[in-house]
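Student: My questions all concern the structure below.
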Amino acid sequence: MSLPGLELSQQPIEARRAPPQPTQISLPKGSEWRFEVAFGNTTRVKLLAGTAELFGTELATSQTYTFSGTKAAIYTWHGCTLEVGAGDPVPIGPVGSAPVPPGPGNGGCQVEYIAEETPMAEYANVHFALETMRHDAKAAGRDGPRVLILGPEDAGKTSLAKILTGYATKMGRQPLVVNLDPSEGMLSVPGALTATAFRSMIDVEEGWGSSPMSGPSPIPVKLPLVYFYGLPACLDGDGSYYKAIVSRLALAVTGRMAEDSDAREAGVIIDTPGIIGQGKGASEDVIHHIVTEFSISTILVIGSERLYSTMVKNYDNKPIATSATAAASDERISVVKLTKSGGCVDRDATFMKYVRESQIRSYFFGSPVPSTASSALSLSSTTTGTTMTLSPHTSQVDFNSLSIYSITIATEGEEDEYDPSKFDSFLPGGHEENDHNTSLTGTTSLQPPSGLLPGLRSELPSATTGFPSASTSSTTPFTNLPSPAPMSLANTLLAITNAAPNASLDEVRDASIMGFIYIADVDEKKGQGGKLRLLAPVGGRVPNRAMIWGRKWPGEVVGLIG
């Protein structure tokens with residue numbers, strides 16, 4: 001059909017909607033294909049010939065991998081051929097949001113190019129050095145390497161942690177991986193600090209992988225130990241609250257290594273937030289606390305000469321005084337400087353907001369990105385087409401039936417809510433702690449569900465038994481949320497701890513996390529203290545446990561459910 005006066009042919013609608021044909025990309029040996037895919041778009045990548053890997057995990061030949069909201073790189077040691085094509089858009093944000101237009105690059109990527117200068121050989125040398133340390137540690141009967149990765153924001157710390165973990169699992173190792181960065185979740189939601197034993201490969205499409213779910217999974221699920229921090233930066237409140245949770249996590253990791261010979265031999269890989277690599281405030285004190293608590297043996301510094309110089313001055317060739325096996329063998333700390341990859345890009349606030357929302361949505365609903373790995377399995381009704389979906393449950397509860405604690409530390413731009421009169425160390429003489437706890441909570445007799453929420457491990461120590469308290473003072477920054485329910489509860493998360501609803505504040509802080517629930521709506525005029533509409537990963541009654549409000553972080557997530 002011709003348009004009047006222009007004599008231009010108009011393409012049929014079907015032709016305009018047809019996606020472009022896939023493109024083949026040939027990578028020479030020792031190079032990598034770097035690509036960025038926006039949230040809402042998908043890019044499909046298939047390895048046609050040769051060998052390739054994504055952050056240390058090898059790609060399978062003729063297997064299609066689908067990526068969305070990703071900034072990554074596929075590296076080849078010996079050369080390979082990739083097929084790259086655009087996939088179907090996936091929904092992001094509230095229902096009815098406009099689809100995101102595809103990018104100008106191959107496969108709808110926002111940016112994509114081939115890079116021949118990469119630090120992968122350098123990273124591989126680090127892996128082989130760690131393997132040598134593991135062999136030596138096994139022969140000497142001591143712990144394997146405890147690796148701390150430091151660097152500024154967007155320097156490639158998490159990518160290096162994935163590479164070292166992927167290479168270790170490929171060698172049959174079972175390293176413990178610790179995430180100390182609250183800005184992103186590892187097998188959990190943002191705001192959580194986690195530790196996980198990796199016994200199998202890392203999921204290429206999902207990053208680290210997924211936590212337990214009801215239903216099949218193409219990649220074996222991981223069992224994370226989760227503690228909730230609930231603040232955006234580790235230096236909020238001078239870092240004392242953050243250090244207390246780090247100590248608790250270190251106790252759990254040390255206990256696991258003492259009981260698990262495979263984990264002890266493989267060692268620990270620790271990813272850290274970028275803010276402590278920028279030399280701000282109490283960052284050096286936080287680094288020293290991590291080094292001491294985890295008995296760090298190797299410090300890897302990426303992308304900062306200043307930080308490397310400081311670490312060499314403070315730690316290089318210094319004895320590991322806190323480790324009994326290190327003291328017996330005179331083991332010393334090594335500080336290594338690594339090259340920052342040219343593929344590292346800055347992630348702006350908008351992108352990180354999408355990352356957090358995507359992790360929270362995936363926790364409750366599964367991944368909306370189609371996966372051929374999932375479709376290759378005989379999946380149950382929990383899958384729609386080739387998309388792995390989960391089925392969370394909604395319920396309504398009275399606000400007064402829950403024991404909810406709010407974090408009082410002020411973040412940047414907020415006024416401090418800290419009130420010393422709420423804590424035991426400031427109570428008048430003769431005032432008992434049990435009386436204080438009783439006055440803080442008003443709970444009904446609810447029974448926890450028989451199933452476990454994602455992130456819960458039944459063998460974890462309870463909040464009141466097992467490990468000693470990590471705190472050295474009783475000034476824990478929590479306050480009980482009074483009735484009636486504030487409207488600001490809507491669209492936020494609650495972290496369900498393994499602490500009793502009338503536990504002390506230190507016990508609430510030191511308790512591991514059973515799982516998370518989402519508050520979809522608050523009706524302050526109904527029920528006792530208000531009515532809350534909740535979204536939970538499993539059905540049944542809400543567990544009768546103390547809960548921590550994630551108002552400050554990860555903050556408000558609007559439109560998770562209608």
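For all residues, glycine too, the Cβ spot is worked out from N, Cα and C.
What you see is a predicted model, and the numbers here were worked out from it, not measured in a lab.
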Student: In Swiss-Prot, one of 1-27, 190-216, 271-297 is tagged region 'Disordered'. Which stretch would that be?
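Tutor: Among 1-27, 190-216, 271-297, the range Swiss-Prot annotates as region 'Disordered' is 1-27.
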Student: Taking DSSP three-state, what's Ser159 (ATP binding site) in: helix, strand or coil?
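Tutor: The residue in question, Ser159 (ATP binding site), is helix (DSSP, three-state).
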Student: Pick out which of the binding-site residues Lys71, Lys157 has the most other Cβ atoms within 10 Å of its own Cβ.
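Tutor: Answer by Cβ density within 10 Å: Lys157.
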